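Feature list (source: Swiss-Prot):
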type: BINDING; residues: C70, C72, C85, C88; note: Zn(2+) 1 binding site
type: BINDING; residues: D460, D462, D464; note: Mg(2+) binding site
type: BINDING; residues: C814, C888, C895, C898; note: Zn(2+) 2 binding site
Amino acid sequence: MKDLLNLLKNQGQIEEFDAIRIGLASPEMIRSWSFGEVKKPETINYRTFKPERDGLFCAKIFGPVKDYECLCGKYKRLKHRGVICEKCGVEVALAKVRRERMAHIELASPVAHIWFLKSLPSRIGLLMDMTLRDIERVLYFESYVVIDPGMTTLEKGQLLNDEQYFEALEEFGDDFDARMGAEAVRELLHAIDLDHEIGRLREEIPQTNSETKIKKLSKRLKLMEAFKDSGNLPEWMVLTVLPVLPPDLRPLVPLDGGRFATSDLNDLYRRVINRNNRLKRLLDLSAPDIIVRNEKRMLQEAVDALLDNGRRGRAITGSNKRPLKSLADMIKGKQGRFRQNLLGKRVDYSGRSVITVGPTLRLHQCGLPKKMALELFKPFIFGKLEMRGLATTIKAAKKMVERELPEVWDVLAEVIREHPVLLNRAPTLHRLGIQAFEPVLIEGKAIQLHPLVCAAYNADFDGDQMAVHVPLTLEAQLEARALMMSTNNILSPANGEPIIVPSQDVVLGLYYMTREAVNAKGEGRVFADLQEVDRVFRAGEASLHARVKVRINETVKEKDGSITKNTRIVDTTVGRALLFQIVPAGLSYDVVNQPMKKKAISKLINQCYRTVGLKDTVIFADQLMYTGFAYSTISGVSIGVNDFVIPEEKARIIDAATEEVKEIESQYASGLVTQGEKYNKVIDLWSKANDEVSKAMMANLSKEPVVDREGKTVEQESFNSMYMMADSGARGSAAQIRQLAGMRGLMAKPDGSIIETPITANFREGLSVLQYFISTHGARKGLADTALKTANSGYLTRRLVDVAQDLVVTEIDCGTEQGLLMTPHIEGGDVVEPLGERVLGRVIAKDVFKPGTEDVIVPAGTLIDEKWVEFIELNSVDEVVVRSPITCETRYGICAKCYGRDLARGHQVNIGEAVGVIAAQSIGEPGTQLTMRTFHIGGAASRTSAADSVQVKNGGAIRLHNLKHVERVDGNLVAVSRSGELAVADEFGRERERYKLPYGAVISVKEGDKVDAGAIVAKWDPHTHPIVTEMKGIVTFVGMEEGITIKRQTDELTGLTNIEVLDPKDRPAAGKDIRPAIKMVDANGKELLLPGTDVPAQYFLPANALVGVADGAQIAVGDVIARIPQETSKTRDITGGLPRVADLFEARRPKEASILAEISGTISFGKETKGKRRLVITPTDGSDPYEELIPKWRHLNVFEGEQVNRGEVISDGPSDPHDILRLLGVSALAKYIVNEIQDVYRLQGVKINDKHIETILRQMLRKVEVTESGDSSFIKGDQMELTQVLGENERLAEEDKFVAKYTRVLLGITKASLSTESFISAASFQETTRVLTEAAVTGKRDYLRGLKENVVVGRLIPAGTGLAYHSERKRKRDADKPVRVSASEVEAALTEALNSSGN
């Protein structure tokens, strides 16, 4: 019988739907939803607690309070289902209908919907072409509006105040109609003829010239068309009927003590009903106009507060002075319907507890307390007990479990066997924050966690808690085992490197056992095999660190997969031989024949995974951990104050530095250097001193003298505990040791500038009070940052996930030939990331040729794996075009070829992989490790001293790239361009290093010269910016008058005079507009022209420039005629860390961005205007010159007559990504953003694969701006989805019409998320009101393509295993669609069939 009841309960059929449409509800629609009208503001009877009839909780309208029982109790039980009681009018039904039945209120006067009025831009205002202010004056009964002017001089839509209205009445009588309030607005909206207006606007737009007017008109046109297409009527934005929410969604809950807790909505509804009823009465009584007007205004305000409290005027507050929660507040924000209930729900079958270490567990296990397991698996246990016949009913089983009988434990063990559970640690920043384990029952109350997965969870055991979830269905268990098991997640999805890597104790143990010592016990012995080593070590006859020879048998898996076995004798140590016992067959002995530092261990696991596969790697990782723990225990490494050895040289270095600082101070006192230069020099000095101290300290710590077997004293690597911990990578770093045993160094103020006086003491010596005080500055800032950082990082991740959530791999190959050009990433001359690392796991887009030949060595379409990388590097290829998510041409989603390798699995990515979310998590997860600014060593400032020369690291041939230069008399070259670079190539022509050469650098080598390592090939002054002449001649000064535009300074020490150009602000009135310049003339005083142009050679001097030549002096090519001092350098990169990443992803235009050349051509300067210079670029092809006004204070990098290319920097500053996209194109933008973001992460030592950043970039480049509409329906200036425009263009091209032209637009991630096609996704992200208003007006359809939308409607997501479900549904849908064929097609098919049969 019970099952029968359940059957009846589950009768609600789930409707199949493919899209969700949102629109405006017409009054008829609202009435059709309703089950009756709410006429009274009463809720429930305070004595009987029964709902009042016709009130807000009326049972007649909304349904019975108890299941199958009418209100008066006449009809009870199931047999009367569907009967309507004649006494109380209640239908006998389930009580849950009170959650779905709506009611309505008939408003006595129309009311404008506040969302369409106040949500910017105001839709009502835009449609009626009136300002918001004017409409509000009409709505809130301050002015009349003319609805029908009749034959009078008034105009439709004109506002009249009371006086004007009465004057008009006297003048025109009843010839015109003017009203006030929402009914007037409704009449006006009703009167709009959409088709007529659209036609008028389409004609008007091409005839207007002003940009702003066109913008306004096209906005109106868009809105009108939206109304027309969606079938919404404009007058529906004014409500005449108000729907009432079902009562169970705004409940009245009895508290103990006879009081009631109520939802705020009830108060808001009561207010509306009260005012509405009062208004009805007043209208029946035909009360005076002014009273009715006031009541109507109050009704409008009451409805406003119900829909969106606080949107207009002061929010209505409840009894406790806090604003009431309106309908809009219910859906928006973190606590709103979307984020609280639809996207994140609490789940059954879960528990949480503190975690502790489980060093004895295997990698796929976790320890689950028996108490928790019993509770979590209860239903399974009940079922098993009943099945076994140990309990007759569920009730009996329950009793058994409560008593914890012995049988129960046996059953529990059986239930748990092979039933994985999910462990999750909040915050879940990436997908490895939830993994599956097989539970092992343990005593105690804490969950035991395997130490190797701590890195993935970012867990430690200082009181962290974790949650356990039980996958119930077979499918869930299958997915947990196959996809989420910790053993299947060895590689990190962010960079493809192992994440199951030993750390801390384990590393220390492995490092300790693989170190070698001089003259240790047993040195020089030879062993027959590993077993013998083991026996001798256990017998205590040989030390762990003794150097010995061992015969080993190794099985090596070659690159091509073949297996070779060989036996050889190796020089090694006892510990390494012992470690080799656990290394899986297939790896050579060389992998352990080195001190196992953290990097080496990580590399070993990686190599193991690539060579012998997953299963062996997992076993090996476990063995490594057990071994590491064992030997770190044996080592007994500890830390004591005597481990911090302070170098003797420290005092000398510090004294020397102090002396030099005094010297600089005295120079400053006598005015030889400026404040800024002094600051720079002092800080450079101390940075150098600090480095020297730490060098001396590390040299001191890392070596120790020992006596070898011959009795000689030799140096060996130190066994100092602190040094071993840092060297192995177990804990601590050189920087931290420096603070313990060297000197703490320079500290930063909270604003990021560096304090000039360093802390010369270290922690062992102890700090003085002043030093401690300076330290607290940086340290406190560090703590404040950490708190901010977590929130900011979480928000960044949320925005990233939101912008990329619907990016899923949907096909294998999109067939594009586009790609990005990859080159090695070079910074400061070093190759930071070689080409091999950048192309690993990507697909080649264009054939790769052997350098200098036509031979294809890598064909297009190859997925580059480790073997290919070696091959590419062998052939010294230095650039490769690879496919990229940015250039992928798949319409919805992305193709596997453009994405390349799935980093966490090591093969080509599967269809259905949610690459967008993975990218977002990979970028967001390390966010908390990024600083809020750039430095981070207990507040100690890290600042490199400014580079002033290029010293090559490798010998080889010099190559000069893109370098414009002049040759000086002494044969040296002087750079006169900014983008010049110098590279060094080895004998194979491979580029080993590359350096940027600044303007004015003196280069002592020529193209093709051979240099040795360590040679200094270029020099420049880092603190000033020179102006270099490109010709020889005689200097003449123009506009340089002493005391007016320049001042002379004489150097007391050298007696030389310098001329300094005054800032226009400091000049007397006479000199404000004079532009001091240096002109070049020949011996006859005729002015010289710049070579190759007809521009006179003159150099305008900016403010503060120092001129080093005298008037009339003879100068040669390449001489410096003036220097511009550079400003104080703050700590490198003002915005560092997280804010920088956020700025890049939000595509914010930086303040004082660099100015780029809009076209290629010759530079000249036009007439100046107030405070601005006019820069003119004349193109070489003779088209129109381009002019731009640039503020005078901007320092220009170009001189009159210089040639520039489109996109070259004219004035330095941070780059603006929008400019890069506009002038240089998508690939330049991709390169810029990827490199900038990688720089921030690299500084923190975080590795992220480029493709993740490219994936997010793809989403930022989704939109295009239409520049010419052609024959399409787009309007010029529209922002459209790229896919939409491409689709339309294909259609137009087929019909031989003109296609629309467009430019790509870069949107920041927040903006990109909000402009997605899915309104459900956008509304659940941010600005819910705005998104829903816009979607409703345009009658948007959400086709549920993304992940978020499907989560909201409660479906499987279209990614991973859910993709099959969705493709199946799509297949069914397509099969059901009728196919339309034209008559001609049928005819053609018939003739073809006839012909073929005839043959």
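Using N, Cα and C of the backbone, Cβ positions are placed for all residues, glycine too.
Structure with Swiss-Prot features highlighted.
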residue: C70; record: Zn(2+) 1 binding site; Cβ within 10 Å: 25
residue: C72; record: Zn(2+) 1 binding site; Cβ within 10 Å: 14
residue: C85; record: Zn(2+) 1 binding site; Cβ within 10 Å: 20
residue: C88; record: Zn(2+) 1 binding site; Cβ within 10 Å: 17
residue: D460; record: Mg(2+) binding site; Cβ within 10 Å: 11
residue: D464; record: Mg(2+) binding site; Cβ within 10 Å: 16
residue: C814; record: Zn(2+) 2 binding site; Cβ within 10 Å: 19
residue: C888; record: Zn(2+) 2 binding site; Cβ within 10 Å: 26
residue: C895; record: Zn(2+) 2 binding site; Cβ within 10 Å: 22
residue: C898; record: Zn(2+) 2 binding site; Cβ within 10 Å: 31
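Compute the center of the Cβ atoms of C70, C72, C85, C88, which mark the site for Zn(2+) 1; besides them, the chain residues with Cβ within 8 Å of that center are A59, L71, G73, K74, Y75, E86, K87, G89, V90.
Cα distances from C88 (Zn(2+) 1 binding site) to the binding-site residues D460, D464, C814, C895, C898 are smallest for D464. With respect to their backbone Cα atoms, C898 (Zn(2+) 2 binding site) and C70 (Zn(2+) 1 binding site) stand 64 Å from each other. When the binding-site residues C70, C72, C85, D460, D462 are compared by Cα distance to C895 (Zn(2+) 2 binding site), the shortest distance belongs to D460. Other than the site residues D460, D462, D464, same-chain residues with C-beta atoms no more than 8 angstroms from the centre of those residues' C-beta atoms, the Mg(2+) site, are I355, A459, F461, G463.
Across the structure, C72 (Zn(2+) 1 binding site) and C888 (Zn(2+) 2 binding site) are spaced 68 Å apart at their Cα atoms. The Cα of C888 (Zn(2+) 2 binding site) lies closest to that of D462, out of the binding-site residues C70, C85, D462. Nearest to C85 (Zn(2+) 1 binding site) in space, judged by Cα atoms and limited to the binding-site residues D460, D462, D464, C814, is D464.
Between the CA atoms of D462 (Mg(2+) binding site) and C70 (Zn(2+) 1 binding site) there is a gap of 58 Å, rounded to the nearest whole number. Under the three-state DSSP scheme, C895 (Zn(2+) 2 binding site) falls in the strand class. Cβ contacts within 10 Å of D462 (Mg(2+) binding site), excluding its own Cβ and spanning all protein chains shown: 5. The Zn(2+) 2 site, placed at the center of the C-beta atoms of C814, C888, C895, C898, has further neighbours from the same chain whose C-beta lies within 8 angstroms: E811, D813, T816, R883, P885, T887, E889, T890, I894, A896, K897, Y899. Rounded to a whole number, the distance between the Cα atoms of D460 (Mg(2+) binding site) and C814 (Zn(2+) 2 binding site) is 44 Å. Each residue contributes its Cα atom, and for C70 (Zn(2+) 1 binding site) and D464 (Mg(2+) binding site) those atoms are 53 Å apart.
In this structure, C88 (Zn(2+) 1 binding site) belongs to neither helix nor strand by DSSP; it is coil.
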